[in-house]
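Asker: What TrEMBL shows for this protein is this:
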{"type": "TRANSMEM", "residues": "B:7-26", "note": "transmembrane segment"}
{"type": "DOMAIN", "residues": "B:65-257", "note": "domain 'ABC transmembrane type-1'"}
{"type": "TRANSMEM", "residues": "B:69-90", "note": "transmembrane segment"}
{"type": "TRANSMEM", "residues": "B:102-122", "note": "transmembrane segment"}
{"type": "TRANSMEM", "residues": "B:134-157", "note": "transmembrane segment"}
{"type": "TRANSMEM", "residues": "B:178-200", "note": "transmembrane segment"}
{"type": "TRANSMEM", "residues": "B:236-257", "note": "transmembrane segment"}
Amino acid sequence: MNKTLKNPIVYILFLLPTILLYCLFMGMPVIQAFYYGFTDWDGLNPPIFNGIENFREAFTDSDFWLSVLNNIYFILFSIVIQLPIIIFLSLLISQVKRFKAFYKTAVFIPSILSTAVIGILWGFIYEPDSGLLNQFLALFGVEKIYWLSDKSTAMISILITNAWQWTGFYVVLILAAILGIPKDLLEQAEIDGATNWNKSTRIIIPLIRPIIIVVMLLSIAGAMKALDIVWVMTEGGPFGTTDVMATYMIKEAFREYQYGYGNAIAILIFIFTLVITGLFQWSTKNNERIEY
Amino acid sequence: MKKILSHIILMLYILIIIIPFIFVLFSSLKENNIEIVTDPWGIPSSLHFDNYVMAWNNAKIGTYFFNSFYISVIASVITLGFGAATSYALTRMKFINLSKFFYTFILFGLVIPTGSLLVPLYKLITDLHLYNTHLALIFPYATFALPVSIYIICAFMRAIPSELEEAAMIDGLGALGLFTRIVLPISIPPLVTVFILNFLGNWNEFVMANFYLSSENLRTLPVGMVGFRDAFNTNYAQLSAGIMFSVVPVLIIYSILQEKIIEGVTAGSVKG
């Protein structure tokens, strides 16, 4: 009878389509990236093997490092500025009784919408002449600001849009963890006379430390992947000041026809992401599971 | 009393989220750019629903909408079918060591930053002569969604008690029958979650659609709208109507299935 679930033909038939797609459209590109990354190739003529020349070029290419720096800004912004706001909002939602479900549902909305559409939407807001933001600031006598075309404001404008899209997503993650804390633990604290502030900082935040670390990890991974929002809002401009690694890769490959170099950058994105998330996980290792 | 302050802060935040949508909704009903520019906060003087008709027909939003819709559905169906079959083989069939290997192998896909595959994948797409066809999107969409889908479906299928299968086997069902008659019907909840998540992801995808297609008529909704925005002499009222065509279906799905969507998105991401 047990033979039914040991039918090798059914097993193979059920696995094969997935494995084929997976190997072809994920496995092959990974292997090809590692091959073409070590070649000088314009995408048309046969690729010429040139060893680590592309990587040497990347390490001396100041435009590439500018794009790396922008990925780091993404990370810093999400951890230093966004995360405290996320925790604060989650705590607020967890403590109110009315509208709790409404708040949760509403804050999540931007994260399920198309980043391209959000880029267009915020383009309206940042529009220098008629945009909502400048019109609003004009009420306070602030002069016209060219948000997306001024070198000094373009990056921060993108970071704010990105934060607007993803804050609610992380709020919902953290909120679920807060609501998962056993009630009697918090009630006990209240009986002992803890204020809301004390309850939050001394009990809730330490208890949800694991999920906060997950949120930080997801933010880092998200920051390293940042691409559509930059492409839609500025295409990396003005003058490459908002380029992130992925947009720089695209420009080198599809606009400069440096496919070999583009693939080398793809490998670097891959390695940098693994190293940063690995380092982060290692540094938070003594992060024991919390049992109630 | 303290709660009131909490509500004020939260309502302010909700306002920050909603204002851009209200602005787009109002703009989509305004007469022209002049009305949008001179009175951006104002309620439309009269409701110009013709913007929607114009956007749908003249600005080709209708074509883009249809393209996005059928590409998203086909890719999600492929992911769902392949993912469910694979999850069944991995969790219910008795090839334990092989299954462990394949499961780890497939979940490794969660670690790969898919954006970095954009350039090498372009080469593969052109080699397979898929460039500028919708298959250039359908295959990568279906594939990239497999790891997380299989993760979610496996988690559910692993928990199905084996007594159910044993009873069905006594009734003479084979491995295939067990899958279609017993396991699939029980697994509908995670399958719905996976389908909706993948549909939304595909519906919203921009980068591949932007670089793997060149004909205007093949564009998907996000690409079409960015193109519309970048076109000379943009009509903002129609562009806003276009945005509504992209956003409203997502909001409708969300309003019906919010619990499933939230649960699925968060479960998938925490693993990844």
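The backbone N, Cα and C atoms fix where each Cβ goes, and this holds for glycine too.
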Asker: Tell me if the transmembrane segment (B:69-90) touches the transmembrane segment (B:178-200). I count contact as 3 or more CB pairs below 8 A, with pairs 6 or more residues apart.
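Answerer: Between the transmembrane segment (B:69-90) and the transmembrane segment (B:178-200), which are separate recorded stretches, there is contact, as judged by 3 or more close Cβ pairs.
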Asker: Let me spell it out: take the transmembrane segment (B:134-157), skip the flanking residues so only those 6+ beyond its ends count, and list any with a Cβ under 8 Å from a Cβ in it.
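Answerer: Long-range Cβ neighbours of the transmembrane segment (B:134-157): 67, 71-72, 74-76, 78-80, 82-84, 86-88, 90-92, 103, 106-110, 114, 121, 125, 183, 187, 189-191, 193-194, 197-198, 201-202, 205, 208-209, 212-213, 218, 220, 264, 267-268, 271-272.
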Asker: Quickly jot the same-chain residues contacting the transmembrane segment (B:7-26) by Cβ under 8 Å, restricted to those at least six beyond its ends, or write none.
Answerer: 40-44, 240, 243-244, 247
